[in-house]
Amino acid sequence: MTSQPIRIATRKSPLAMWQAEFVKAELEQAHPGIVVELVPMVTKGDIILDTPLAKVGGKGLFVKELEVAMLEGRADIAVHSMKDVPVEFPEGLGLVTICEREDPRDAFVSNKYNSIDELPQGAIVGTSSLRRQCQLRAQRPDLIVNDLRGNVNTRLRKLDDGEYDAIILACAGLKRLKMEDRIRSEIAPETSLPAVGQGAVGIECRLDDTRVRQLLDALNHQPTATRVLCERAMNNRLQGGCQVPIGSYALLEGDEIWLRALVGEPDGSKIVRAEIRGPIAQAEQLGTTLADQLLADGAKEILDRLYGNA
Ligand SMILES: NCc1[nH]cc(CCC(=O)O)c1CC(=O)O
């Protein structure tokens, strides 16, 4: 039975393929003799490229097909950027493993300038992330933020074609794709608080698949899992999706966890920030508590309006 291959459902983008290959290599190293196969698939999110993601239904578009494949037994696991994993899972599936985090920061990428501060008045910055747009415009209301979709290579090509003065990407994706040299500067969390789970890779499988779950155990990185679950607990309480600018970043300091988070208006005209510290054992509770604090401090009004409840 152990010779039965493990099939990884994956999107075909270079970053998704890198992540799937990474998990395959880690599994092979942890369990010599194991057979791991990739099952590349195209998702709706890969096809609809001309509409801002926030308008076409959000992150779920990238994972639905992979989840159906697992439920139908055509694949055993799916590897995700934690940033793109929705709050809820279909019945029978769940996130069982979180691998060690890469650099969680946003990256400033440009062919002309070294940092946000160097951008001239009215410069054009490409990003489709409301979180990045909100934080950029809060500091530099003069900047023009234009939509930028597509996988990492497509986005870099659009920058090179001269459509933008600069673009913002995740450091993690660029580092994984060996394109670190494109990073002009790493943006500090104080300037651009990362997305929930940014830089971490997570693995989803059928919850009743005990064989696969045991094999995946070796890949779990507990410090990363604690941080990401804390960030996700905060986000879940806010019912955060990618239609709203939410940033969040947890760090471990000794036996404490320090969580920072923000909710803002997409145009940067308002940002509500909060932070909390507490014992690592209460990571998820702390996330929920911080979300409640944000809501009480004004995030509720922002979210109600963005979700159309007000
Ligand atoms: N939304 C796409 C996406 N999902 C994960 C990453 C980067 C890698 C990561 O955060 O793990 C990216 C690209 C980007 O934001 O530049």
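Quick reminder: no glycine exception, Cβ is built from N, Cα and C everywhere.
According to TrEMBL, the features are:
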type	residues	note
DOMAIN	6-213	domain 'Porphobilinogen deaminase N-terminal'
DOMAIN	226-295	domain 'Porphobilinogen deaminase C-terminal'
MOD_RES	Cys242	S-(dipyrrolylmethanemethyl)cysteine
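For the domain 'Porphobilinogen deaminase C-terminal' (226-295), the DSSP-based tally of helix, strand and coil residues reads 29 helix, 26 strand, 15 coil.
Over the domain 'Porphobilinogen deaminase C-terminal' (226-295), the average per-residue pLDDT in this prediction is 95.
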